[in-house]
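Q: Take this structure first; my questions come after.
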């Protein structure tokens, strides 16, 4: 171990949000000239931790030290003065400004009271040369691609020559060909310009290429810090997944020829957003069908059109033996089809309590003839739903927004299942932002619906692993169309990724 | 659904719409000129500019707050209050020097801006509601000062009238002042750091926070500038008519805010800009002057103005997916 004072020392910092501890007493050091990878599942607390390092979030407990000196940041401006800069996952640029103007935003060079555009351009050119990147500086950044925008942000963060640069999932928005040059660029930042880097990611391959050290987080806690050559990928994964909380998901083998006799939903083609989409797929009774594809591949859109949420130019499909060509979501729910939305916030009423959140879906059921609400029955029903779904709550009169994401999701799915005469449930990214324990409970719930209750489930997700774990069959979407159907036995990660990236016949 | 329309807008179409307002100005002048040749007399054209000055000045003030992504529905009341205050202190003889009076009431206007931002920015009440409430209080003070009547004092100094009715050579002072204010604000918004930050805050608040721009401070400054400019518009309006009516500000407020929004289709579509607001204010003035000139009834003017505004904001909604700062499209 080096005996020099670390550049940044994190000492037991903790952050609590209502109901959850996002970061729980985390400590580790970052040294000079080091690329320090920070990995963990979605919701493990990586971004929250880094936002505390920049002062964007206040620290509830613990503190941080820079060069051995205790610091207290009130906002990003303070941490920038100490040489800490962060590039966030979402793009933070002023679209109409040029790259040069964006780089100098907040630190504009002035000539008297006028901004000196020439000097601002000159500075940007200097930064560009120093970092050795190639980005046009004189066009509005909204006209640039995702990769170039990313570089503009790094140029801005690097323009003040920070000691520590935090990159939050920097390769998430980059295309296949852009990633490798970018990783080399990050390496050069550290080795040549002596900028230490905290590199947040969930792509394990990347960290073995560029990082010197890795810290793993799970459920807000640090599970491991290690030097990179001394550790294997498997050990990282084990640290990310705290296996004690995970429940195994069992998928019984199905006889598909038998299943296919009982198709609930059958679709060939849908026209929406002004384009015809070839989406030949079907869902049988008692099976879980996964929809995989890249973001924007049309998975959500397809099910939204079918559920009557999204406007379609033309639709025709068979549901439960009936040919359907129209109808809004209300009608489709009556027919026995419901969708839980991609964004959890769209599935709840954050300012209402649990009873109201459960019962709004059943206003007819819990209303007298003249429209008065039957309070007692609603409360009893709610209690029933909460209990059946193993929801953790303190009172049924508490606001749903006080619950954790996992418990909210249990309520959303739980009440949807209660829809009278339900045949098909679509869950859209139900596990987004949940920890692994909560995820596994959702998986069990989905399997239970299909296997025990003989309902059909369409499971939309961007996480291929979970689809492979839970589904009986899978459809892969590319550019709005279904390009491949796979049965469980034929699930193969690389092939599926190939279809999702390149469409038909491009499976590697 | 709307996604399709948004991608259609071509470069060529944008060039036409970029200058649509200016083209509309010229076409309408030509149209009214043909209908009534007297319309084109220099005197009338300068008169149009004076009318535009009131709407335009208030529009410029309102556009500053709209640029940071907020709304100020109190601009009308702020203008009336400032004018009534000036009329009152000059009329009661509390202050005899005109310039000092103007400076004093502008100080008060700035204070209203501070109160606006206290609620709308610091406490976090949606600004359009906060300013609506504050405008009611301001209305009350106006009625207190005017005793519910149109205010007129015979001992107002001659300077009171000069601003709105005087001429320098052939040019109305009102038009000249408007041009000066527009130039100052253009300089502020496009050349200075403060202006760049005001625009940046409206475009992406998070980005500004991240680079260390104090978003709250910028918004407060925007509200203060807005109140100052709108207060001055009130002084201009009262000077033009030599009295202070209770409806002085509210009469031009909707046109003023409409000008700011119309202006956002000009030159830099999707962004408020000084040039656009000026051109749009002139358009409103041409329409109202021309319609009076042709002896059409007043309601025609309302309907035409409304249709033009709807077309303009509709166009922005269809072509810019993020809409306008302060008028977010879903």
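Our numbering is plain: 1 for the first residue shown, then up by one each step along the chain.
Backbone N, Cα and C define each Cβ position, glycine as well.
In case it helps, TrEMBL gives these features for our protein:
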- B:20-39: transmembrane segment (TRANSMEM)
- B:45-66: transmembrane segment (TRANSMEM)
- B:122-146: transmembrane segment (TRANSMEM)
- B:166-188: transmembrane segment (TRANSMEM)
- B:220-238: transmembrane segment (TRANSMEM)
- B:244-267: transmembrane segment (TRANSMEM)
- B:274-293: transmembrane segment (TRANSMEM)
- B:299-318: transmembrane segment (TRANSMEM)
Q: When you check the transmembrane segment (B:299-318) against the transmembrane segment (B:244-267), do you get at least 3 Cβ pairs under 8 Å, counting only pairs 6 or more apart in sequence?
A: yes
Q: The transmembrane segment (B:122-146): which same-chain residues, six or more beyond its ends, come within Cβ distance under 8 Å?
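A: 65, 70-74, 76-78, 80-81, 84-85, 87-88, 112, 115-116, 216, 220, 244, 246.
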Q: If you count Cβ pairs under 8 Å, which stretch among B:45-66, B:166-188, B:220-238, B:244-267 touches the transmembrane segment (B:20-39) the most?
A: B:244-267
Q: Taking residues 6+ outside the transmembrane segment (B:166-188), which of them lie with a CB under 8 Å of any CB in it?
A: 42, 46-47, 49-50, 52-54, 56-57, 60, 64, 194-195, 225, 229, 232, 236, 239-240, 274-275, 277-278
Q: Counting Cβ pairs closer than 8 Å, which of B:45-66, B:220-238, B:274-293 has the most of them with the transmembrane segment (B:244-267)?
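A: It is B:274-293, which has the most Cβ pairs under 8 Å.
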Q: Other than its close neighbours in sequence, what residues sit by the transmembrane segment (B:220-238), given a CB gap under 8 Å and a spacing of at least six beyond its ends?
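A: Those are 53-54, 57-58, 60-62, 64-65, 67-68, 70, 72, 75-76, 78-84, 86-87, 102, 105-106, 108-110, 112-114, 116-117, 120-122, 160, 163-164, 174, 177, 181, 185, 188, 194, 198, 201, 244, 248-249, 252, 256, in sequence order.
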